[in-house]
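Taken from TrEMBL, the feature domain 'Tetrahydrofolate dehydrogenase/cyclohydrolase catalytic' covers 6-120. Positions annotated as domain 'Tetrahydrofolate dehydrogenase/cyclohydrolase NAD(P)-binding' by TrEMBL: 139-284. Annotation source TrEMBL lists NADP(+) binding site at GLY165, ARG166, SER167, ILE231.
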Amino acid sequence: MTAKLLDGNALAKKLRADFKTRAEALAAQGTRPGLAVILVGENPASQVYVRNKVNACAEAGFHSVKLDYPADAAPAEVLAKIAELNADPAIHGILVQLPLPPQFDEDAVLEAISPEKDVDGFHAENVGALMQGNPRFLPCTPYGVMKLLEEAGGSLKGKEAVVIGRSNIVGKPMAMLLLHAGCTVTVCHSQTADLGFHTRRADILVAAVGRPRFVTGDMVKPGAVVIDVGINRLPAEQGGKLCGDVDFDSVKEVAGAITPVPGGVGPMTITMLLANTLESAERAAGQ
Ligand SMILES: Nc1nc(=O)c2c([nH]1)NC[C@@H]1CN(c3ccc(C(=O)N[C@@H](CCC(=O)O)C(=O)O)cc3)C=[N+]21
Ligand SMILES: [Mg+2]
C-alpha cells in the first residue's frame, strides 16, 4: 500500500470532542443544541443511520428527538410535525431522513423545513446561498469531504478535481465546494463519454456513484487524493459487508491518499451534521 489512509473515524472523534466542549459552554448559558430527526418507514439502512445520528448527539451533549412514522404515514401529518419543530425553541436542526416513501413529495417536505433549521442544507434557499458563495449550512457529506481534504494537507488552489455523480445531496454541492476552494472542477456522470480520460487527470477524485468498487486503480492518477462517498451493502453471498464506490485494493497502490469504507466519509457526514446543529444553536443564542 502506498496511499496514506484518511481516517474519518479519527478525525470525527477529534472534531466531536471540540463540539462537546462548545455544546456544554452553550448549555451553561441556557441553550443546549437540539436536533430533531424524522424517520418514515422501516428501511433498515435508514434505521441504522438515524440511530447513529441520535447516539452521536447524546455523546456530544446535544438534545435530540427521534420521530418515527410508519411507511404509510400521511404527508400532512409529517408536515404538521415539521411546522411544530420549526417553532420549537429547543430545536436548532431538523433532518428528514431520505428517501421518503412514494406518497411523499420530497421537495415539498424539504421546503417545509425552516431554512434556519435546515442542517442538511437541502432547502432551496440554502442551496441557492451555497451557489452564490454565501452558504448558511453546508450539506453534511460534501462538508465532511472538505474536512478530510484539509486533513490530507496541501493547497486545493488550481488542482484538478473530478466528481463522479451529480446528485443534489453529494455530487452537485461537492463540485461547488471544490470550485469555491479554487479547484478546476469536472463533474462526471452516467452519460460521460470517456470516464477514465477525466478521472486520470484528477488530483482529487471524489466517487459518489452508488456502484460497488466502480473506480479501479487504472482510472487513478498516481499520487491523487481519492475520496470514496459510496456506501454499498454487498449481497449476503458476497459476505454482506459494506463496500465503497472505489476498489480499495487496486486504488491504494496508485493513490497518494484514500478514504476507507467504512470509517471514511460516513462518520464525517454525521460529524458535520453535529457541526451544523451546533452552529445553528450558537446563532440562535446570538453568538
Ligand atoms: N436527510 C438525509 N440526510 C443525510 O445525511 C442522509 C440521508 N438523509 N439519507 C441517507 C444518507 C446516508 N447517510 C450516511 C450517514 C452516515 C453513514 C455512516 O456512518 N457510515 C459508517 C458505517 C455505517 C454502517 O455500518 O452501516 C461508515 O461509513 O463508517 C453512512 C451514511 C446520511 N444520509
Ligand atoms: Mg448520479
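Glycine is treated like the rest: Cβ placed from N, Cα and C.
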(request) Using all protein chains in view, find how many other C-beta atoms are within 10 Å of the C-beta of ARG166 (NADP(+) binding site). (result) 18
(request) Give, as a single whole number between 0 and 100, the mean pLDDT over the domain 'Tetrahydrofolate dehydrogenase/cyclohydrolase NAD(P)-binding' (139-284). (result) 97
(request) List the helix, strand and coil residue totals of the domain 'Tetrahydrofolate dehydrogenase/cyclohydrolase NAD(P)-binding' (139-284) as derived from DSSP. (result) 58 helix, 26 strand, 62 coil
(request) Go through the binding-site residues GLY165, ARG166, SER167, ILE231 and pull out the ones with a Cβ less than 6 angstroms from some atom of ligand 1. (result) ILE231
(message) Taking ligand 2 as the reference and 6 angstroms as the Cβ limit (strictly under), which binding-site residues among GLY165, SER167, ILE231 are close?
(response) GLY165, SER167
